[in-house]
Amino acid sequence: MLDLKKILNNPDYYRNILLNKKANISLFDELVKIGKKRGELMQKSQSLKAKINELSKSFIKLKTNEEKNELKAKISKIKKEQEQKEKKSELIDDRVFFLLANLPNIILDDVPFGEDENSNIVIEKKENLGNGLIVHDFSHYDIAEKFGLVDFKRASKLSGPRFVIFKNQGAKLARALMDFMLDTNIQKGYKEILPPFIVKGHNLFGTGQLPKFEEDLFKLENGMYLIPTAEVPVTNYYNDEIINLDKPKMFVSFTECFRSEAGSGGKDNRGLIRSHQFKKVEIVKITNEQDGIKEFEKTIEDASHLLELLEIPYQKVLLCSGDTSFSSMKTIDLELWLPSEKRFRETSSISYFGDFQGRRAKIRYKQNDKTYFAHTINGSALAIDRVFAALIELNYDSKNELIKIPEKLVPYFGSSQIARK
């Protein structure tokens with residue numbers, strides 16, 4: 001959530017950025033208008049309170065009942081006016097909160113303006129890892145089904161389209177990737193959390209999925225939701241708390257993730273790229289303002305390191321304003337190479353949120369006797385299903401009907417290859 005005081009101090013700056021973030025600008029204009037009105041009412045209310053206090057102090061100096069009654073009437077009249085101003089201000093507060101809740105975050109100065117993904121900027125490529133940018137026509141879902149690693153048909157029978165069953169060596173490979181990613185991140189100082197996969201709605205508000213993106217979520221009864229990402233329960237671990245942030249809080253978490261994929265239409269109907277339920281290892285940091293950008297850069301390095309260890313060619317992409325998510329100030333996507341599609345596909349979005357989520361989730365810290373909202377960072381490290389797909393395609397030996405396992409993953413998987421049976 002944005003800071004109303006900062007908006008009112010510089011409305012033109014915020015308006016321009018939010019236009020480029022594809023915000024509903026009519027909400028912003030209304031916010032500025034009623035925000036100013038709210039400020040005037042609050043200022044007038046405080047002024048009247050001060051006047052009441054001043055008059056009350058003079059009460060003991062009065063000698064006659066007539067003077068006292070006259071002052072009482074005057075104070076009563078002012079108090080009534082003050083209460084009216086305060087009540088009007090409180091009524092405006094509800095609307096201000098609604099408007100702030102539905103406006104996206106601003107962006108950092110180095111984020112380029114742009115409408116959509118076509119304006120994103122590739123800032124680095126690592127093309128020579130493993131077998132490099134090979135191309136072929138063997139899709140991961142065909143290879144995986146041929147080797148008996150997955151079962152899409154029976155998953156559909158159980159749960160409908162966009163679900164998968166990992167089985168045999170496929171289940172083992174998914175588990176190996178999970179353990180490898182968790183262990184590697186833990187070695188870098190992240191603390192592991194295994195949270196609930198069901199959360200209360202206010203937690204989704206805290207991280208910015210609600211109220212704007214409810215259609216993308218799986219809603220249960222009693223205001224409960226399946227998590228779309230570990231970002232939600234892990235960031236909200238400190239919801240409505242004041243914590244010590246002399247050092248960043250660093251967490252890593254494996255979870256199943258659940259998304260309705262509303263609006264995805266016919267995109268990626270087959271395979272592991274876009275599912276209703278998928279596996280992901282997430283890294284989350286909660287920091288003070290001074291450490292925010294530095295820790296964001298470290299988080300990008302940590303997620304990238306996993307792709308390098310797995311020998312997967314990838315590129316780093318700086319998202320433009322129009323493609324940056326609702327809550328994010330800056331996002332770097334890590335995109336891995338898929339030979340059958342002859343293109344890069346996202347496997348991680350590492351985002352810096354400033355105090356946007358901290359303000360919504362009321363996560364605070366003290367510094368020099370003042371209280372501030374925490375800054376947050378998160379990103380996948382990594383999306384297991386998409387890494388699974390890339391590993392199969394990149395390491396498939398069609399001549400010998402083998403899938404080779406990257407060297408760093410062998411201790412977790414227990415073998416250097418998967419043979420077709």
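Glycine residues also receive a Cβ, built from the backbone N, Cα and C atoms like all the rest.
Of the residues Glu282, Glu289, Glu335, Glu341, Swiss-Prot puts just one in the L-serine site with Thr229, Ala230, Glu231, Ser380: Glu282.
Cα separation, Glu346 (ATP binding site) to Thr229 (L-serine binding site), rounded: 15 Å. Glu282 (L-serine binding site) has none of the binding-site residues Arg259, Ser260, Glu261, Thr347 nearby, counting only those with a Cα within 10 angstroms of its own Cα. Listed in sequence order, Ile193, Pro195, Ser253, Phe254, Thr255, Cys257, Lys280, Val281, Glu282, Val284 are the same-chain residues six or more apart from Ala230 (L-serine binding site) with CB atoms under 8 A from its CB.
The binding-site residues in question are Thr229, Ser260, Thr347, Ser348, Ser380, and the one with the fewest Cβ neighbours inside 10 Å is Ser260. Site extent for ATP: among the recorded binding residues Arg259, Ser260, Glu261, Glu346, Thr347, Ser348, Ser349, the largest C-alpha separation is 19 Å.
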